[in-house]
Amino acid sequence: MTDVNVKLDALAGVDPNALPLQVKNLHVEFRTRNGIAHAVNGVSFDLRAGETRAILGESGCGKSVTAQAIMGILDSPPGFVTGGEILYRGVDLLKLPESERRKVRANRIAMIFQDALSALNPVFTVGFQLAELFRMHRGMSRQDAKARAVELLDLVKIPAARQRVNDYPHQFSGGMRQRVMIAMALALDPEVLIADEPTTALDVTVQAQIMALLAELQRERNMGLVLITHDMGVVADVADRISVMYAGRVIEEASVDDIYASPAHPYTKGLLESIPRLDLKGQELSAIKGLPPALTNIPQGCAFNPRCRYAQEVCREEPAPPLYQVSPSRTAACHFWKEVKGDE
Amino acid sequence: MGRYVIRRLLQFIPTVLGTMFLLHYITSLAVQFSGNPVRALFGDRTPPPALLQAITERLGYGDPCLDRKGDPCLWRAAEDGGGWLGTGYEPGLFFDRLHGIFFNFDFGINLRQQEVTDLVSNAIPFTLKLLVIAIVFEAVVGIAAGVLAGLRGGSFLDYMVKISTVFVISVPIFVLGLVVREFVGVKFGNVLRGQDWIPDLISVGVFSPVFKPDYPFASLIIPGMVLGSVSLATTARLTRTSIMENVRADYVRTAKAKGLTNKRVIGVHTLRNSLIPVITFLGVDIGAAMAGAVVTETIFNVPGIGRLVTMSARTGESSVVIGVVTMLVLVVLLANLLVDILYAVLDPRIRYE
């Protein structure tokens, strides 16, 4: 644990009692030749130590961009954070100089990517890529760092870690590669782990193993986990709280039980209804009609209104619906949340 | 890997034999159609037939097949009538040459009765120097320009690299060589040579319009740069594209997420992957550069392999052309094999079985 204290001293203004991660009113836009794409438009959420927050949404709703903005690894240009705060234990990461920001990555906030094969460098051994973290951030020698890499591979339950540390990423199976990614993210004992669709590229049995491993490691370390996914099943298994995103906004925020029991936003409701269910076998699967809006041209008012069966005139007018307090611990950005929630 | 190398080496055999036959046939046709090259030795004088006959035999142009237009000179009628396996024919000029080269290491002689092996070993150091200068120049400048342009796509520097490479690619090497010789070597060189304070190494050596035996390295710098320039443009463009693809790669994003310094993200994670195609190109380019050396050496009067082969082709000296080009082919084949091995070393995903 002394290791952690050393780390905390290194960053000025850190309040150990503050939340490990707070995102407030984050705005990100991409300035492209075809206009400005508003990828993230005022996203806010909190993350407690040991808590799992799922960020749920369709492709292109801004969830991965949110993650990259938190890590500070947006491709810039074209991507720019245009507003908001990203607080790590009270320190606004967006105000840190790049040299300080860099030290936050992997040390305090780490990230797992979706496709481990392309996310690992093909021309370096797995051991080199793991050891690199210890060498660059902890100043360890090559041998010590390599020994730590073997320990990490053991930790993520890769068999024969001592031999496999010298293998290249393409020599591992999909699930094993994702374990390597997890090992890499956990190497420096971060307090927050952002997992961007960690199981999307894997088959279902491997998915379950990876999620179980993540959950176990998270429990051991009391680490905050931001799980970005579009997989409602995974969310139901592991998440504590859910933020549902649509067109760059959080449109519903609640505990996992509340959301599954009674969604308060028509979009969330649509998502839940589109999960195939055994007891509805033979019936037509309900789907949300239409397509998500282009981020360069988000509809006026509520961004979901063209696809929404509850939509009325007020939904098509600015301003977009605010986050209504549905209950003390949940919010939803729908003028008609009462109808949505009650209509079950 | 060992088996792969052996298989590749075995594949050399048909390639080399095929090349040698083509060279043999082309040079034989030249003799058949344009007459005995030995006549050139006598200029305007008409030699006594017996003397001509003797020298022709001595220099290896006495085979009767060289009088029959279109004869590939593969077989000749056996003198004792029996011949090979009782066919009445025995292996002809082509097989004599193969036998000489592969069993006695005898590449023959030129018209002045110099051994081809001596000619080549005298010429090869100049060509090697020229090639080293060319390859180093194109690798260092090309990769540097490509990396800078690739990292800042769309910047002023990027456009500079794009425009200058298009320019260099579209000017043929013989035009570029002549222009450089005239303007850099003669005109600019004369200005330099008029200044006393400029050392001779620079004014007489580097900026010489032709190769100077007194400055065997300095006076090869400009010819080497001319030779490297065309591939330099390709190297720069290849590096640029490769860097641009790789800076957006997922593993580069991972490297950033690992909190590595920008220097390490680019210098280690991006560059290593980006340079794989560039290095393979440079390896294959050694062969192309040797072909280019024929032109460059002729323009700048460098006494290397290229000039040797040009001059021998002009005088119809079959043995020199066949010997030199066969060696060039072997060098190119070996270079390509080395590139393929290097490729597997650079990219661990590639394994040869």
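Glycine residues also receive a Cβ, built from the backbone N, Cα and C atoms like all the rest.
What TrEMBL lists as transmembrane segment is B:12-33, B:130-151, B:163-180, B:217-238, B:274-300, B:320-346. Marked as domain 'ABC transmembrane type-1' by TrEMBL: B:124-343.
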Under 8 Å between C-beta atoms and at least six residues away from its ends: which parts of the chain pack against the transmembrane segment (B:130-151)?
157-158, 160-162, 220-221, 223-225, 227-229, 231-244, 247, 266, 271, 274-275, 278, 282, 285-286, 289-290, 292-293, 296-297, 302, 304
Should the transmembrane segment (B:163-180) and the transmembrane segment (B:320-346) be scored as in contact, given a threshold of at least 3 Cβ pairs under 8 Å and pairs 6 or more apart?
no
Taking a Cβ cut-off under 8 Å, which residues six or more beyond the ends of the transmembrane segment (B:12-33) line up next to it in the same chain?
61, 65-73, 93-94, 97-98, 101, 316, 318, 321-322, 325-326, 329-330, 333
